[in-house]
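For reference, the structure is listed below as structure tokens.
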Amino acid sequence: MTKFIFVTGGVVSSLGKGITSASLGALLEARGLAVTLVKLDPYINVDPGTMSPYQHGEVFVTGDGAETDLDLGHYERFVRMTMSRRNNYTTGRIYENVIAQERRGAYLGNTVQVIPHITDEIKRCICAGADNAQVVLVEIGGTVGDIESLPFLEAIRQMGVELGREQTLFMHLTLIPFIRSAGELKTKPTQHSVKELRSIGIQPDVLVCRLEHPLPESERRKIALFTSVPERAVISAVDVDSIYKIPLELYAQKLDEIVVEQLGLETGPANLTEWQRVIDGLEHPHDEVTITLVGKYVDHREAYKSLSEALIHGGIHTRTRVNITYLDSEEIEAQGIGGLESADAILIPGGFGERGVEGMIIAVQYARENGVPYLGICLGMQVAVIEFARHQAGMKEAHSTEFSEHTPDPVIALITEWRRADGSIERRDEQMGLGGTMRLGNYECELLPGSRAAALYGQERITERHRHRYEFNNDYRELLEGAGLVMAGTSFDGNLVEMVEISHHPWFVACQFHPEFTSTPRDGHPLFNSFIRAAAEHRRRVTLKSSRDS
């Protein structure tokens, strides 16, 4: 019988519901339970695929090609269960489903209303996301009291009534602010948040209180008294320097034990060996490197969430402290390469649109000419190909048709069709809406025997996740290979170039796919592990040269 844990938030947004849910999921998984998570987002967009990175942050792509909330990235980094499109639902998608059913006559002429039709669809989607797991953590986006969240809160209230206390648990996150001028913690916002939740008909079983300092026992008792939550279930969630410490912090307060007891789950003790190993790798580095990330959305770090975490994972698995410097590619265009000179390695991530592209090309040239390790991802591979074509293959006006429609040498162009692993053909054109023109999800890639890519992966066939519209133009393949660009990876049918590298460079690898989506703190990822090692080696070479010169 599947158990459901509903996670809500109050007082303010961005309290860390996703991280808390994922951390509790990790603890329950460590007890031997099959755990999955579902995110319910209250916005009306069908998915975040066409939303601005500045508003929404990263779009996390699942293996089945769904464009989802970045919290699903946290879920996959903390639990072993792979997420899919059934793990993220928005208000827009819920209403789209209901309206489609109404058009088909599924409601037999009844008036379609929020209750019961929308709430029933929400409950159906939650159960669909359960995917035979023993425990499902359901995170409700937004803040209690927001009008947008009301249908979701009503749906989980109904599930609590229908399934009963032995099958459901409600966990509420709140903020306990510290007023520095008074030197006091204030619990009143938490009391009012719980009051608001109870007015909807939901009594929380667990309170997770976000704060800067540990919660004094006197304040814990006060909160328990005014919210009717057991004192031991008032959890203190203190700020930590790494999100990967949170499972151990919650374990120390016996959150998993509280949950297991209420839900009547029979499990063994939590085995946290893997998480202890992660923390050991974080806290006892042997090296230190600075990675310069050259991007378009650097003012909003959430746009590169999986990428920054993947770099940290590489540091954990190579025992290297990773410092990430974010550099706006437009700044390179305006001020030159000064911001690159302290980099032990350079990374250019994905992105869309012409803005800042020339700055990225300058950064690629700097890395190639100065032997600085370079990793290009998605757009980062495309600008690497453009730079190589311009400066190594004599095509001075080479470009992508995304940025220069009439370039004489379109080394990157919109692909109109490709063959899937099942043999089917997928097609698209420039007239399709933005939501339907992407190559999304898992695709197989064949690696060139003897290439750096094959060596670092340790195999010649891999599966990685994609999110792009433009691709390497095969009309230029022979010419660029002749100039020294290695086509290190291709789609399984050989038609699409998925990876390129430069063999005579210390470490220059670029890929069309997004390896950051499959990197985890416990397992790392071969590309990022190798990239961090290369950065550390480059740092040692530069340090040795400087000492000799002095």
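Including glycine, each Cβ sits where the backbone N, Cα and C put it.
Binding site for UTP per Swiss-Prot: S13, K186, T187, K188, P189, T190, Q191, plus K222 from the candidate set K39, K222, K245.
Cross-referencing D71, D120, D131 with the ATP binding residues that Swiss-Prot gives (S14, L15, G16, K17, G18, I19) picks out D71.
Distance from the CA of Q382 (L-glutamine binding site) to the CA of I19 (ATP binding site) is 33 Å.
Spanning the listed L-glutamine site, residues Y54, G351, L379, G380, M381, Q382, E402, R469 have a farthest Cα to Cα distance of 23 Å.
Candidate binding-site residues: K17, I147, K188, P189. Nearest to M381 (L-glutamine binding site) by Cα distance: K17. Its Cβ placed at the centre, Q382 (L-glutamine binding site) has 30 other Cβ atoms within 10 Å. Neighbour counts of Cβ atoms within 10 Å were compared across the binding-site residues L15, I19, I147, L379, M381; the minimum falls on I147. Surrounding the centroid of the Cβ atoms of S14, L15, G16, K17, G18, I19, D71, where the record places ATP, the chain contributes additional residues within 8 Å, namely G9, T20, S21, H74, E139, L173.
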